[in-house]
């Protein structure tokens, strides 16, 4: 019980009795020098004044009065308060004595910071005081906005020092001093009026039986903070909303405006001719003066919604598609719009206002819509003309068969092609240009312009000889040798066949100079060092060689010569050489008994050059002093005994016989 008696909760500031709220003393911490007190007004008001009565503490030294217009999400300063003008400048950067020149200017005041009385001191903050438009509140939008608030916050920033303590000169942690410093407020009162934009004479307690009951925009169990109200307006001038901030449904002919001293605005009903209870204000409708008001003037922007009885339009004064208003029927009639009676096969679903006459579909015309309209053909179906734009004079075809009127050179039902004798529909069907000699007739392809050529003629206009023919306009057959002609064609003017490489002649039936062996015509290739010229024999391909060279291309030394490509003479001796040939080093090929580079000497054991005989003398026929074949006179071989004869002393002279080794004369006689 003692704790309850000594408690000083925040609710005490608004309970209307002598209890008070008290903050913890500074002895519990210097952070208690800064305290915020937030009051939720639970809806938006124009606040005229804030009255604060202190309890058992002096007025605060430095503090800020703040307001919120978004239900406590953000706050902005209303007034700053400091002990002296110098503190206003030091704490908040503004002078306290400046006159208020603007309705919404925030100022700093030092006139409420007196130390006396120490208890039960009162502070009255009049929001409108000294404001330029305080006597013209209804005409100042800035002052109206400056007084708006959904929440009020008091930010206490510093206690007032008691005289004699000079707390700023002493130790701030001294509990004998700081325990006497705290804030205490007995009552906070505010005066103001409801925000109704000038469209309500009173704002009443929402629930007379429960004056504090709230009306919230969100369910009670919602996690989001709702906008709640304790008072409601009795809106006038056909306005609705929590603050009479909009025109009521059905009364939106004019754009909602607040009522001021200079503008007694009343929301006006839309003119829907009784066909709708809903409308909205449309700025485009207003700008273009499309909405007829209840006074018969095109003023305002009311646009009717969800029109009934087959009507539509800004004022529900137009029949929907497929309906019409007969002549003499007023829009206020019970059923002004009647259905059109039309044949869907040839009529649109729309009919003429007042008469109800059906409109023809685009492909039909006539009183009964039984004829094909221009641009259509083949009744009763009436298909759309398909005339090609490039080839048609106009875009209208004959209604019977759809034939389009063609430009010169164009043809076809829809003028989509060229007539015979014309070509290239894209370029405008130009006349065919065909050569009289080479063309079968004067017509050409309608797409490419190609003329029809006679045999042996060609070209777009048949003014050239076909490949394989020459001499326009006669175009004679080339008759080229197929083996020697490139593609079998000839020059279109001269008739000279286009010879392959290596062939020659008007018909390419010969080998060209430097080639041989028709019809193969291989290249002579006379590149040997001994060739006299590049041409060769047309039949054999033999190149013309110098005397000391041989082979088809003269790339070898002739017999009797060596060391290609110099081909020097071999110089072989006929007595010892087998012939005039020698090897590539010049060595001759010697007979059996000869040797030497030129076969110019006898081999060992052969004698008597150039005979080069073997030394096979008969031992019984040679003289006893015979020393060998190399010791005899030139031209001789063996040295015979007296009665012996023969090249090798192998037989007796005539009249002698019996050759014997032991006979000194060799033979007896």
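These residue numbers are counts, starting from 1, taken along the chain as shown.
Any Cβ shown, glycine's included, is placed from N, Cα and C.
Automated prediction, rather than curation, is the source of TrEMBL annotations.
Some features that TrEMBL has for this protein:
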type	residues	note
DISULFID	360-369	disulfide bond
DISULFID	385-397	disulfide bond
DISULFID	406-415	disulfide bond
DISULFID	432-444	disulfide bond
DISULFID	434-451	disulfide bond
DISULFID	478-490	disulfide bond
DISULFID	499-508	disulfide bond
DISULFID	524-536	disulfide bond
DISULFID	526-543	disulfide bond
DISULFID	545-554	disulfide bond
DISULFID	570-582	disulfide bond
DISULFID	590-599	disulfide bond
DOMAIN	1-193	domain 'Laminin N-terminal'
DOMAIN	340-384	domain 'Laminin EGF-like'
DOMAIN	385-431	domain 'Laminin EGF-like'
DOMAIN	432-477	domain 'Laminin EGF-like'
DOMAIN	478-523	domain 'Laminin EGF-like'
DOMAIN	524-569	domain 'Laminin EGF-like'
DOMAIN	570-619	domain 'Laminin EGF-like'
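Annotated features, which come from TrEMBL, shown on the structure.
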residue	record	Cβ within 10 Å
369	disulfide bond	20
385	disulfide bond	23
397	disulfide bond	26
406	disulfide bond	22
432	disulfide bond	24
444	disulfide bond	26
451	disulfide bond	26
508	disulfide bond	25
524	disulfide bond	25
543	disulfide bond	25
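In the structure as shown, the Cβ atom of residue 499 (disulfide bond) sits within 10 Å of 22 other Cβ atoms. Between the disulfide-bonded residues 490, 545, 490 has the most other Cβ atoms inside 10 Å of its own Cβ, all protein chains included. Confidence annotation: the domain 'Laminin EGF-like' (385-431) carries a mean pLDDT of 88 in the model.
Sequence-distant contacts (6 or more apart, same chain, Cβ under 8 Å) of residue 554 (disulfide bond) comprise 526, 528, 529, 530, 531, 532, 543, 544, 545, 546. Among the disulfide-bonded residues listed (385, 406, 478, 490, 599), 599 has its Cα nearest to the Cα of residue 570 (disulfide bond).
Long-range Cβ neighbours of residue 590 (disulfide bond) (same chain, at least 6 residues apart, Cβ-Cβ under 8 Å): 576, 577, 578, 596, 599. Counting same-chain residues at least six beyond the ends of the domain 'Laminin EGF-like' (340-384), those with a Cβ under 8 angstroms from any Cβ of the stretch are 319, 321-327, 395-402.
Rounded to a whole number, the distance between the Cα atoms of residue 397 (disulfide bond) and residue 415 (disulfide bond) is 10 Å. The Cβ of residue 415 (disulfide bond) has 26 neighbouring Cβ atoms from other residues within 10 Å, across all protein chains displayed. Annotation for residue 536 (disulfide bond): same-chain Cβ neighbours under 8 Å, separated by at least 6 residues, are 514, 516, 524, 526, 542, 543, 544, 552.
Between the alpha carbons (Cα) of residue 434 (disulfide bond) and residue 444 (disulfide bond) lies a span of roughly 8 Å. Within 10 Å of residue 490 (disulfide bond), judged by CA to CA distance, lie the following disulfide-bonded residues from the set 360, 385, 451, 499, 582: 499.
Other C-beta atoms found within 10 angstroms of the C-beta of residue 599 (disulfide bond) number 24, with every protein chain shown included. All protein chains considered, the CB of residue 526 (disulfide bond) has 22 other CB atoms within 10 Å. The Cβ of residue 478 (disulfide bond) lies under 8 Å from the Cβ of 468, 469, 470, 485, 488, 489, 490, 495, 497, each on the same chain and at least six residues away in sequence. Straight-line distance linking the Cα atoms of residue 385 (disulfide bond) and residue 406 (disulfide bond), rounded to a whole number, equals 13 Å.
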